[in-house]
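Chemist: First, the structure itself, so that you have it in front of you.
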Amino acid sequence: MNCSISGEVPEEPVVSTKSGLLYEKRLIERHISDYGKCPVTGEALTMDDIVPVKTGKIVKPRSLTAASIPGMLGMFQNEWDALMLSNFALEQQLHTARQELSHALYQHDAACRVIARLKKERDEARSFLAQAERQAPFPASAATANVSALSNGKRAAESEDMGPGGKRMRPGVSDSVIAELTECNAALSQQRKKRQIPPTLAPIDALERYTQLSSHPLHKTNKPGITSIDINLSKDVVATGGVDSSAVLFDRTSGEILSTLSGHSKKVTSVKFVVQNDVFLSGSADKTVRIWQGSEDGKYDCRHILKDHTAEVQAVTVHATNNYFVTASLDTTWCFYDLSSGLCLTQVEDPSNSMGYTSAAFHPDGLILGTGTTGATVRIWDVKSRGNVANFDGHTGAVTAISFSENGYFLATAAHDGVKLWDLRKLKNFRSFELYDQDTPTNSVDFDHSGSYLAIAGSDIRVYQVGSVKAEWNCIKTLPDLSGTGKATCVKFGPDAKYLAVGSMDRNLRIFGLPEGDDASTES
């Protein structure tokens, strides 16, 4: 009698009282513990239903195949054959798995190619849509008499603006615009002669006690980094541009975020306030500049998207009239725009220059434009003629920042090798600050609105008292970079130098100034 499970003669036979079937005891016990039912009939079965069968002690006879050498050799041969068959089956399964994996990888590669093609078609469709939007007729702004039709702030169709050589035609800077710039320059120059340092300016001993007052996480954690800062001095609102492709407007007084401006597809490289009409500008590595219009509810809407550059826009600077602004790009050009219409009046390209622009700033009087290049040269332009009137050499590495002093005489430029000060009257360098080691560039430089202090940002933040060509420029205060990144990217003075706004390669805006108690004692 054989076991109903193994088919062999059981060593400890037991029988089921329900089905009457014979089993090996150890096999049926394991099956009942796992499944709780009869392996043959499927009926519920417990060990109480199992009865042992009494048998005599017998010696199991040796099988005939193991009783002789030829039989054992045959048995070994059968086992070897079974092993070979099993090995062959495994190789077949491996071959099948490899084919399936190869097919899956091919499908994945094909899917990636399809996705890339669809993205390309999507981008082309968006481009065609933008061109179609530009073709829609819209009345030209009164700011420029010879402006072609506009559509939602975007230029008219490229076919209407193209000139010889495939270059886009620009309306140019008209005589009325030049007259406006000249009149503004004359008025500001006259005011500068009577300029006095305001009594509300923070004194030197106050700056010596500056410390971090607050830290505000304004940008995303997955793409940290603040690349640019600007301050609306009249409203005490700080704007930051981030690596996360957004610009944030922050009310320093209340400590609240007023608005987060999204729309750029790459990092925001430059932000600027236009005080009149509540307008805000942002330039980006996505080659575009956006003009944002504020509303009464505090929100900002994108009024124009400017796409005149073919490489990253590195700098945006606003003219003193608040009616025009300039953008500088790595495509070796800078553009002069009319703010109200968003129209590029002229795009300046010097055939002798192959260096892209990394920074730009207007002189306080508005008729001089300074640009920094990737080739360590500072280029000075006459805005009226758009001619390059001077070049300042001597830096090492790209010129990361430019700042004109309010006195109209001094220009500070920052690059990999530190900061250089230039006398615009004699067009020469009169002082250099080599602040950090060779691996640490100087990222930002900024004169305060009175022209009394100069702030420099690199691996830390340093504040200097402005001297003269011969007098020393003394370091008043050195503030550590508390971001832990060792890279302060931008710095800006607040109203009357009462605080410093600092951005670093983390997502926090830091405010340095006097604590409230020290502020009260200083005022008294």
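Placement of Cβ uses the backbone N, Cα and C atoms for every residue, glycine included.
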Chemist: Per TrEMBL, which of 140-172, 272-304, 371-403 is region 'Disordered'?
Modeler: 140-172
Chemist: Apart from its near flanks, which chain residues at least 6 from the ends of the repeat 'WD' (392-432) lie with a Cβ under 8 angstroms of it?
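Modeler: Here the qualifying positions are 189, 192, 195, 358-365, 368, 370-380, 441-451, 454, 456, 466, 469, 473.
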Chemist: Using Cβ atoms and a strict cutoff of less than 8 Å, what residues sit near the repeat 'WD' (350-391) while being 6 or more residues removed from its termini?
Modeler: 173, 178, 181-182, 184-185, 188-189, 192, 311, 314-321, 326-334, 336, 397-406, 408, 411, 413, 415, 422, 424, 427
Chemist: Grab the same-chain neighbours of the repeat 'WD' (306-347) for me: Cβ-Cβ under 8 Å, and only residues 6 or more beyond its ends, written as numbers and ranges.
Modeler: 130, 140-141, 143-144, 147, 150, 153-155, 168, 170-174, 177, 180-181, 184, 188, 266, 269-277, 279, 281-291, 353-362, 364-366, 369, 371, 374, 381, 383, 386
